[in-house]
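Comments concern the structure below.
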Amino acid sequence: MSSLPRLFSLSVLALAILSNPVHAANSKTTSKTSASKTSTKTSKNRSKASNTRKATTKTDNATHATVSDVVVVDSAVPNAANAQSLALIQRCSKEFDNAVRLACYDRVSANSLAGNAAASGDETKVPLDLAKTLSASLSARRAVPVLAEPNAELTHQDDNVGAIEVKGVVPSKGGKPATPVKITSTDPEAAQQVLDEAGITATDVERYTPLSVLYDLDKNDPRGIFTIRPHKPMHVLPLWYSVHPNRDPHSPRLDTPEDYPDYQHLDSKVQISLKTKMMEDLFGTQADLWLGYTQKFYWQIYNSKDSRPFKSSDYEPEVFVTQPVLADLPFDGRLRMIGGGFVHHSNGESEPLSRSWNRIYLMGGAEWGKLSVIPRIWAILPDFDKDHIDNKDIGDYMGYGDIRWQYALSNQQSLGGLVRYNPAENKGAIQLDYAYPLRGGVKAYVQLFHGYGERILDYNHKDTNIGIGFMFNDFPGI
């Protein structure tokens, strides 16, 4: 690996860490007290009581959502009510993990401020109701987007208008009354009491699920567009072991593969993955346009005999669109998002080690309780320079789609993975990830991979890898 890509990689990693709101503003507490003022020059003396405002920013490690728990002590708000809010926030922290806890923080904080509950509702996105959109589009013989609403009834349909107007935000499946939150707790009765006192429903929780936070499905990120945000997991694995390292990478266009007999089994691996929202609330359906970038590089840091070389790098820029939707799935699942995009994947090498492919893909995002799933299907774009196709058989090994998933465990732990398979060639790969919170935004991280294409240079090489290290972004990605 040349010095320029290496410098670029380290610069991007530094930018990612510095731009992470966990490192920029983690657990900051500010207090502002205005002194009481007394006027003795007029007959009408007025005394202004000091107002105390305390704001505590809490960040949940499992969702990358930053929520401010604001409690205002004002002359208009009884102290007893604020004490009750503080106690309720503490009970939220004790009883719940992940999305439920964040929803609890947000609801209690909003209820503590007059008018805030209404203000937060104005920011909520309204998803497309897929079933009604399909029905209306078939009837009108043109695309007719239908937004979802509570107890949904079509308000009107005008053939001269390009959409059916439906006001409101869906609070539950199929327009039914607000769905209660499913509780996983050692003391369900105490947990339910907290939910009842805070007035939390399943809709509140959905605003902080991994999919919702990752793709702004229920509300736009307050930081706006063109801000650096996590995409896929960002991690450093000082220990990355290959059972069968690829010492003779080759492709159909290479008659004589280049050998690397000195490559060791033990590497280190780094992955950087960032994205930014370029446009939001598109097409009148609140779709968003994103730009993402993922880079992996592998370092033979323990290979002192061979001057500790960088073994290879993978570069993966992409542009994609996400659309919030509403649709029921079997086994109490919900389809929350559909989208599509274009991705380029290469290793930046010259011949004979050059590997690259371009794809267009469609994707979805679904949830079954704590399980989040993102399936993709893709089409490999042809290379018009047929004399220089680096890896024309890459689809045989990498398949034509994949499934990424994540399951939220207790205490901010997470289990996730990836599966891809080409049944025609009986080739594919499986990956398993486990993250355990340590401190701040840092998590212990273990990754297991088996199959083809862990790096693009190995697209036609089968290997088993295990890595141990740390995750540095506070949301593990999917």
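Each Cβ is built from the backbone N, Cα and C atoms, and glycine gets one as well.
Summarising the annotation, TrEMBL assigns signal peptide to 1-24.
Per TrEMBL, the feature region 'Disordered' maps to 26-61.
Here TrEMBL flags 26-52 as compositional bias 'Low complexity'.
Under the heading Ca(2+) binding site, TrEMBL lists Ser307, Ser354, Asp390. Residues near Asp390 (Ca(2+) binding site) in space but far in sequence (CB under 8 A, at least 6 apart, same chain), listed by position: Ser251, Arg253, Glu351, Ser354, Arg355, Ser356.
The active site, proton acceptor annotation in TrEMBL covers His344. The C-beta environment of His344 (active site, proton acceptor), restricted to residues of the same chain at least 6 apart in sequence and closer than 8 Å, consists of Tyr315, Glu316, Pro317, Glu318, Ser356, Trp357, Asn358.
The active site, nucleophile feature in TrEMBL is assigned to Ser346. Using a 10 Å Cβ-Cβ cutoff, Ser346 (active site, nucleophile) registers 17 neighbours.
Counted over every protein chain shown, other Cβ atoms within 10 Å are most numerous around Ser354 among the binding-site residues Ser307, Ser354.
Between the alpha carbons (Cα) of Ser346 (active site, nucleophile) and Ser307 (Ca(2+) binding site) lies a span of roughly 25 Å.
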